[in-house]
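Asker: Before I ask anything, here is the structure I am working with.
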Amino acid sequence: MFQLPVNNLTRLRKARKKVKRLLSDIGLDYCKEHVEDYKDVDPDDSDDSNESHLDLCTWDPTWTKSQDYRTKQFCCSDCPFASKYFSAYKNHFRNVHREDFESRILLNCSYCTYSGNKRTLETHVRLFHMPHNVMRQGVVGPHGAPVGAKDGMRVDKPMLGDRKELPVYYCKKCTYRDRLYNVVRRHIYREHFQHVATPYLGKNSEKQVNSGEAQANSHGIHCKSCHFTPRSYEALVQHVIEFHERIGHQVTAMIGHTNVIVPRLQTNPIQRGVPITSGVRPQTPQMNRFSMPKVVGLPVGNHFKQSLAGNSVPGQPVRVTLPDKAFVSSAVSHSHSGKHLGGFGVHGAAHLNAQSASFSPSLKSLPLSSSVHAATATLTSLQAKKASANALNTSQTQKWKICTICNELFPESAYSAHFEKEHQAEKVRAMAKYIMKIHNFTSKCLYCNRYLPSDSLLNHMLVHGLSCPHCHSTFHEVEKIVAHNRLAHPNEQGDQPTGSPLTFDLTLQQGNLKNVQLLVTTYNMKETPEAAAAAAAANQLSQNSAMPKPVKVSVRQPDTQSDSLVRNMSQSPVSQKKEVGKTLCPLCFTILKGPISDALAHHLRDSHQVLQTLHPVEKKLTYKCIHCLGVYTSNMTASTITLHLVHCRGVCQTPKGSKPITTGLRSPGAGSLKRELVTPDPSDPKRRKMVDQSRFYPTGFAEKPEEPIVLALDPKGYGDKSYEVRKAFLTAYFNRHPYPSQREVEKLAASLWLWKSDVASHFGNHRRLCDRDFTSRKPVVLLGFNMRLLSQIKHDMSFDDSCLFEVFDDEKSGYSRTSSFRLKSPIGFPADFIGSKQPLNTGQSSQSNCAFKTCPGSSSEPIAIDSDSDSELEVIPNENVSQHTPALRPSIVQSQTKGALLRESLRCERDVRANRSSPRVGPKVLDGSVSSSSPDEATWSGNMSSEESHYIPAGRFEVKGKKVGLLGR
């Protein structure tokens with residue numbers, strides 16, 4: 001199905017005419033050569049009548065049209081599909097050409113970038129990669145001459161004589177190998193991709209088990225996503241990898257290929273069924289096992305890694321102890337045993353039992369590097385009944401490790417003792433609870449949320465630091481933690497790790513070479529916090545019982561139900577053991593390991609701060625906030641929780657009688673290592689006072705008695721109102737006090753349930769608008785005195801010329817150059833008072849020494865006296881002024897002599913008698929909304945009157961024959 005792409009179309013089309021001409025010439029020459037052969041043949045008419053002639057079709061000009069060549073890398077030969085990506089081509093092949101999927105699907109070569117079907121790939125590997133992998137050393141030819149090639153140890157031809165080569169597929173993650181490609185692939189599905197298939201694994205119900213479906217599917221499993229029913233667990237894993245996860249290329253990359261040299265006479269006794277007597281050595285000791293070269297080159301990815309061993313005697317084969325996993329499968333599946341043995345030419349080994357064949361326990365290991373995990377093996381037919389029985393009866397084969405110093409292969413159980421005894425290694429324990437071990441070659445860092453290979457894991461852990469298991473000190477160098485362990489904890493053994501720790505064999509160069517075995521304890525998902533607490537309590541109890549001095553233990557009754565549960569759990573940890581498995585978080589899609597019933601609940605509470613519940617209206621499974629107990633909708637996501645926590649009012653509140661929620665590093669799990677809100681320490685008295693006053697100080701404002709904060713307006717009662725009302729209060733506060741201190745901003749934010757940044761930005765924006773208005777609109781600064789009171793002053797006064805304004809007639813009067821919202825009625829005066837005629841107070845004498853002289857036609861108004869005396873105003877009506885004269889708006893007059901002072905003596909003549917009485921008028925306030933005459937009036941009313949303004953009417957006076965006045969309030 002794979003077709004090579006066509007490139008360089010321009011060059012091809014240029015040469016097409018030439019190629020056609022050449023082909024036509026070649027065809028014409030061919031016809032001329034053979035035309036002479038057919039001249040002698042003269043068929044009869046009967047022969048012509050018996051023949052059938054086909055009509056030639058007419059020439060179609062559309063055939064000469066240039067075709068659309070596919071320049072992409074992966075092209076389908078059965079249809080016009082082409083793609084740059086192998087995954088898209090594979091999906092197309094699976095969906096469109098499903099019937100040819102298994103036989104003609106492309107597979108990636110594990111040695112190079114070649115892709116082809118199964119048969120073509122095997123031919124490609126045999127032709128191009130097989131000679132490069134056959135590395136021999138010390139192999140002697142039939143006549144005793146060493147066999148070699150120009151490059152040293154490469155053999156380009158198969159060995160002659162009594163030896164032959166067998167192709168073997170092996171797993172790059174472990175030591176498993178077999179001659180069949182599918183067997184190795186099923187092994188990878190079963191052993192290395194269980195974590196991928198677990199979220200999709202579902203068990204059939206009791207009805208399906210009792211029905212006829214159970215006969216076809218004896219395993220009783222199905223896919224949760226598409227309800228696919230496989231025949232085996234490996235088929236389910238393959239289904240998940242190929243159809244749901246689309247990571248089949250990873251399985252192909254994990255399968256390696258190599259060749260094994262096998263003697264031809266090895267398989268004859270076993271194929272004929274001749275029993276092998278235990279304890280008797282064969283007569284041909286060098287012909288009854290697989291001889292492997294000393295230099296083995298195994299590909300890892302697209303590179304070749306070769307492990308060079310020490311010197312050995314030429315011509316002597318090397319014997320290798322093969323792991324049980326490579327030859328004898330587990331007791332659950334006996335069918336694979338014959339395949340594993342038959343993969344090396346031992347086809348009749350399926351009937352071997354524990355009394356007829358065994359593996360030799362005295363074989364030496366093949367020296368290999370620690371990075372090479374596929375060890376070549378030597379099968380021997382020797383005795384050791386016990387070893388054979390143990391190898392065949394074990395339900396799970398053990399893992400093997402290669403010593404990095406002596407390059408020998410050992411079981412995992414005996415490797416630690418070998419390294420400590422033979423190489424005088426010092427054991428140093430450390431902790432890295434932020435590392436979660438996935439399998440032997442991959443781990444996950446919970447801090448960085450990334451997967452790390454085994455070769456770079458130690459360097460990454462040193463970046464975060466390794467902790468001492470005794471004193472929990474953190475070190476970023478191996479030498480320092482080794483020195484710390486020798487000095488501070490020389491005789492302390494420490495707690496034994498519950499799981500399999502990460503082992504690093506190191507050689508430190510501190511003066512003399514020193515071998516160190518670093519044992520790093522990682523996070524164990526199978527160990528729950530309750531089980532860890534119970535184990536720690538049991539360990540402490542055992543240590544106390546070992547002490548010679550008796551320990552007096554006081555027993556008390558549990559106060560609450562939780563204490564009783566904790567005590568019962570510590571007393572019977574076995575009964576509280578829960579089923580351990582894997583589950584998937586529906587919010588962040590994190591794979592959770594641990595007790596199935598508690599892992600998801602702990603993760604949702606610690607990471608997302610929610611609890612599972614049932615929606616009261618929708619009747620669907622949803623979540624509720626652990627702070628305010630608000631219920632989310634059923635279509636919520638993780639971002640919805642984040643937005644809610646920003647505005648949640650119950651985050652900083654702690655209900656009475658309950659413990660505060662700690663969202664720190666409660667456990668070393670993956671969910672608890674994410675960033676969360678930090679709860680304040682309840683032991684702090686200031687913070688405890690803040691929690692008690694959380695109704696008015698929700699953002700954490702604490703009062704300081706030595707620094708009291710007095711606000712210009714009282715914000716009490718505005719915290720529960722709408723956002724617009726709270727913003728309006730801030731605007732009114734700005735009009736009273738535009739430059740608040742930092743403590744005032746904090747108190748306002750805490751009282752109004754606003755962020756401090758919002759309050760500060762609100763004041764800053766209004767200040768910036770005021771500065772812009774001063775620059776662009778050029779407003780007038782009002783004087784701070786009452787003009788009506790000023791008109792009664794009896795001494796001379798001098799004003800700047802900029803303080804005067806000119807009064808026009810009614811029909812010529814206009815508005816000042818200020819904003820329209822300021823040109824309203826005066827502040828603090830009712831409409832009836834403004835529109836009515838007000839008499840002018842003239843005092844007791846008819847001729848007073850007044851500083852101003854009123855002009856005819858000007859309206860006189862009463863003036864509020866700001867004095868401590870209780871004197872009252874006597875208002876005398878002016879007969880020369882009409883009662884309905886409208887108040888004119890002032891207009892600014894530009895003075896021609898700027899900077900000069902205008903000093904005029906204005907005389908105010910009054911033609912009314914002093915003995916005339918006038919009604920008493922009380923003092924008026926300028927701004928009733930912000931008046932501070934009484935404590936009750938100091939609070940802001942909350943609204944602005946439509947009649948409020950910043951201008952008040954001023955009296956009109958005559959200066960040098962002109963009608964002038966003063967701006968004032």
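Just so it is clear, glycine is given a Cβ too, placed from its N, Cα and C backbone atoms.
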Asker: Out of 401-423, 723-745, 746-768, let me know the one Swiss-Prot marks zinc finger.
Answerer: 401-423
Asker: If you average pLDDT over the zinc finger (466-489), what do you get?
Answerer: 86
Asker: Determine which residues of the chain contact the zinc finger (466-489) at the Cβ level, with the cut-off under 8 Å and only residues 6 or more beyond its ends counted.
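Answerer: Contacts with the zinc finger (466-489): 426, 428-433, 458, 495, 506, 508, 510, 516, 518, 520-521.
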Asker: Under the DSSP assignment, what numbers of helix, strand and coil residues are found in the zinc finger (221-244)?
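Answerer: Output for the zinc finger (221-244) reads 12 helix, 3 strand, 9 coil.
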Asker: Which residue counts does DSSP yield for the zinc finger (74-97) in the helix, strand and coil classes, in that order?
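Answerer: Counting residues per DSSP class in the zinc finger (74-97), I get 11 helix, 5 strand, 8 coil.
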